[in-house]
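Annotated domain 'C2' per TrEMBL: 146-265, 277-398, in sequence order. Per TrEMBL, the feature transmembrane segment maps to 6-30.
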Amino acid sequence: LTEQAVAVAGGIIGGILLFVLLGITAYLLWKKFCRLFSYEKLINPVKTTNANAIFQDQANSEIQLKSTSRSRSVPFIIPPTLHGRDWIHLTKEEQVQEDRDPYMTPQSGPRSSFHSLAGAYVVGTINPDLYKFPEDKSETDFPDGNIGRLWFSIEYEQDSERLLVSLIKVRKLQPPADSCSPFVKIYLLPDERSYLQSKTKRKTLNPQFDENFVFQVSSKMLLQRTLKFLVYHVDKHKKHHLLGQVIFPLKNEALTEDNKLVIWRDLEKENLEPPSEHGDIQFSLSYNDYLGRLTVVVLRARGLKLQEESPAVGVYVKVSLMNHNKFIKSKKTAALLGTPNPVYNETFSFKADQTELDTASLSLSVIQSNKGEKTLLLGRVVVGPFMYTRGKELEHWNEMISKPKELVKRWHALCHST
């Protein structure tokens with residue numbers, strides 16, 4: 001009897017569990033069935049007047065909405081980076097206009113998913129400003145007092161050790177007379193005895209040369225050389241008048257056969273005054289009052305009196321910062337092969353508080369180094385406040401202070417006083 005009771009109880013419990021399982025299964029199937037039928041079939045509300053081959057069978061039929069009213073629509077969100085564009089908002093029963101810019105409307109073809117929405121946006125407009133090349137202002141922006149601008153290109157052939165110079169053009173020349181017939185002489189410093197010359201262009205202030213010149217120079221000596229362009233005007237009496245010059249050191253350029261550099265430079269007036277007894281030096285001064293930094297740009301020297309007895313190894317400039325005649329710090333340029341007219345274009349910076357400018361000074365010494373590590377002072381100049389200097393040196397220092405963060409360039413005569 002006991003075994004029968006247990007069997008009956010087990011059958012009842014099993015039946016209950018089976019009934020519960022069937023009920024859960026039926027509920028889940030009902031939920032899934034309801035979810036499937038809760039969505040509406042979305043039909044494209046947009047009709048276009050552009051008939052392509054893909055839709056030729058539908059050209060004479062209109063596509064209508066299955067349901068004129070919808071409980072809700074799926075929004076299309078414009079990315080934040082595209083805000084501010086002129087979007088075309090297509091609502092129900094509206095058509096895409098044929099007379100719009102073809103670049104601003106999507107082309108017909110396989111449709112993407114957003115075409116089936118009741119509200120659609122045309123995405124992918126083109127902004128022409130993004131495809132504009134930067135404007136070349138080298139022929140339009142000329143500073144006040146400009147006397148002309150010269151364009152040229154340089155390239156170096158390593159195998160044949162040839163420097164290729166292309167003289168391209170000159171613009172906005174300022175001749176002494178109404179008419180101008182310019183030509184250009186090209187030097188490879190320090191050799192000032194030989195030069196290459198362009199053709200003369202008749203009666204023009206904007207000559208176009210497009211001429212090529214070749215200098216033979218070894219790769220070891222290349223970076224110590226400097227290109228010098230002299231622009232002349234020929235008058236009616238066949239006299240030559242110098243209009244300006246361009247000095248271009250090669251040491252800061254990466255010259256290779258695959259790297260043809262096109263460069264432009266403004267013409268500078270040549271210092272027509274004869275060199276002083278010991279030569280002259282040109283440099284720029286600038287003071288940044290915010291950073292407390294004094295900057296010196298050693299540009300060039302001319303008319304140096306080199307020692308003839310022993311061959312020169314090099315000529316360099318030593319720049320020293322002094323305070324109350326006490327040495328603070330010094331820096332020096334690279335040594336260039338003995339030439340009376342070296343070109344450096346090297347920049348040095350010194351830390352100097354603004355309160356120290358009344359007691360500080362700068363000393364620039366031009367030194368020739370000879371064999372045996374012997375040196376010879378060719379000349380020296382000191383610039384600073386009234387405590388140490390007078391004349392042009394004092395004027396240069398005061399102009400630097402009055403024009404903060406601006407490079408002030410001047411020539412100075414060298415002297416032998418120590």
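Glycine is treated like the rest: Cβ placed from N, Cα and C.
Remember, TrEMBL labels are computer predictions, not curated facts.
Sequence-distant neighbours of the transmembrane segment (6-30) (same chain, 6+ residues past either end, Cβ-Cβ under 8 Å): none. Taken residue by residue, the domain 'C2' (146-265) breaks down under DSSP into 4 helix, 69 strand, 47 coil. Helix, strand and coil content of the domain 'C2' (277-398), in residues and according to DSSP, is 14 helix, 68 strand, 40 coil. Looking at the domain 'C2' (277-398) alone, the prediction's average pLDDT is 87.
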